[in-house]
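Okay, so here's the structure we're looking at.
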Amino acid sequence: MGQCCTGGGKAVAGDEAEPGTSKAAPPSRGTSSKNGSAKQQPCSPAAKAAATEAAAAASSSKKPAGPIGEVLERPMEEVRTTYSIGKELGRGQFGVTHLCTHKATGEKLACKTIAKRKLANKEDVDDVRREVQIMHHLSGQPNIVDLRGAYEDKHNVHLVMELCAGGELFDRIIARGHYTERAAAALLRAIVGIVHTCHSMGVIHRDLKPENFLLLSKGDDAPLKATDFGLSVFFKEGEVFRDIVGSAYYIAPEVLKRKYGPEADIWSIGVMLYIFLAGVPPFWAESENAIFAAILRGQIDLASEPWPKISSGAKDLVRKMLNINPKERLTAFQVLNHPWIKEDGDAPDVPLDNVVLNRLKQFRAMNQFKKAALRIIAGCLSEEEIKGLKEMFKNIDKDNSGTITLEELKNGLAKQGTKFSDNEIEQLMEAADADGNGIIDYEEFVTATVHMNKMDREEHLYTAFQYFDKDNSGYITKEELEQALKEQGLYDANEIKDVITDADSNNDGRIDYSEFVAMMRKGSGCAEATNPKKKRRDLVL
């Protein structure tokens, strides 16, 4: 993500609000007064945002107005007139973030540049416009990244905002080496406070995750800042939204059902709390569809390690935030008043198990590398391999029902000579059964078995390794990893060192093929056959 998040993409695009309910109100432009400020319209948060934006535009330049930009709908202006653009800080689906310096004051800021050519349709344009409106609307709140200005030229939109030089939340937790429940409660208190502010100001974030919370500086007391409002929306009481947006682990069940409101943000924070305390997400799987199926089931594990060592108050809050019924879920205000989260509350000041930190580090640092490698492997599968899996499905589906039961799967895999333990087959079944109906249809089977197959095939792993090993030296260096992740749109400057360190078992500063294979197979069922609950805990996604 870098110093300033660069925006996420929608998993599935749909109508913003339920037909028959009001959509997020279009902003009403303020009427400019003589001094260039704008009169605020009292009707909506969007109007306030638009008025602030209009005022900024009116006062930003005294030169003749340029042509009107199609995204921000105001005169285009060159950002480099005011700022010097420096090194790259991060990269996302729609944009790149650079360090920038205000030419007059020397202040260091972050400039998020969004290429207009990547805004493929009106919805994408509306998203960027709304992001600017929302950030202006939330401007001045102490724990939200401050937008200093928005600029549009012929090719790009530039958002200039506070520079959060302290890095991501995960990085701070890991760097400290240990933390207590009380520290986790303080962290959650800050996050929920931010969301309470957003909700009270008529904004749903819709993409809450640890990566979207940054620290303003490297100081121990640096304030936490929420960022990346690219998926956020204005909302009114009772308004229902239907488009599926967000990041897989953190999406609320009602979002997947296309009928949700601000309660979805509380679910996402509940997932974050679970990760802060246990080091792994509560709902995991080998594919996005399987993650969604687990979320819809809503069964959270509060029995396996390290949960027996965690206080009853923490577990009570997790349950109430991850209540599958949004109407019964706590509000942000209620979370802030829970005994565990209060400043002088019940959270014990006892260090959490070190394994939690290790898991946090794995989940944070290895995610993008493994994701990139899996993408490469999936792309190198031949038609012949896919055809073989189709035939395998037919052979396992003995009653020709078009679906496979657990018993059919066990018998069929054994006859195919595939060496999986019962625990591994049950894991495969659960991961493959995306709709949670207890059986696997053809599409579910192919998706799941392609993954298990490719993890067990040396040639696929080697193909992926070669993709990263750009100079064919037999090693993946830091520079090669950076290049490959940039090509995949997964680059994060902050995590490269952690990725190398975690995979580099012989500590020579680079990753050889055996280390790459070990990293890829860790937690996949190929490296070790263990208790399924333990395997779940050690899985690196």
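Each residue, glycine too, has its Cβ placed from N, Cα and C.
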Same-site residue for ATP (record: Swiss-Prot; known: LEU89, GLY90, ARG91, GLY92, GLN93, PHE94, GLY95, VAL96, THR97; options: LYS108, LYS112, LYS116): LYS112
Residues flagged as region 'Autoinhibitory domain' in Swiss-Prot, choosing from 223-253, 347-377, 440-470: 347-377
Sparsest-packed of the listed binding-site residues (ASP397, GLU408, ASP469, ASP471) - C-beta count within 10 angstroms: ASP471
Average model confidence [pLDDT] within the domain 'EF-hand 3' (456-491): 82
ASN506 (Ca(2+) 4 binding site) and ASP469 (Ca(2+) 3 binding site), distance between Cα atoms, whole Å: 18
TYR475 (Ca(2+) 3 binding site) and ARG510 (Ca(2+) 4 binding site), Cα-Cα, nearest whole angstrom: 6
Neighbours of ASP504, ASN506, ASP508, ARG510, GLU515 excl. site residues, C-beta within 8 Å of centre, Ca(2+) 4: TYR475, ILE500, ALA503, SER505, ASN507, GLY509, ILE511, ASP512
Among GLN93, THR97, ASN437, SER473, ASN506, the most crowded of the binding-site residues [Cβ within 10 Å]: THR97
Neighbour tally for SER401 (Ca(2+) 1 binding site), based on other Cβ positions within 10 Å of its Cβ: 11
Longest CA-CA distance among LEU89, GLY90, ARG91, GLY92, GLN93, PHE94, GLY95, VAL96, THR97, LYS112, per record bound to ATP, angstrom: 14
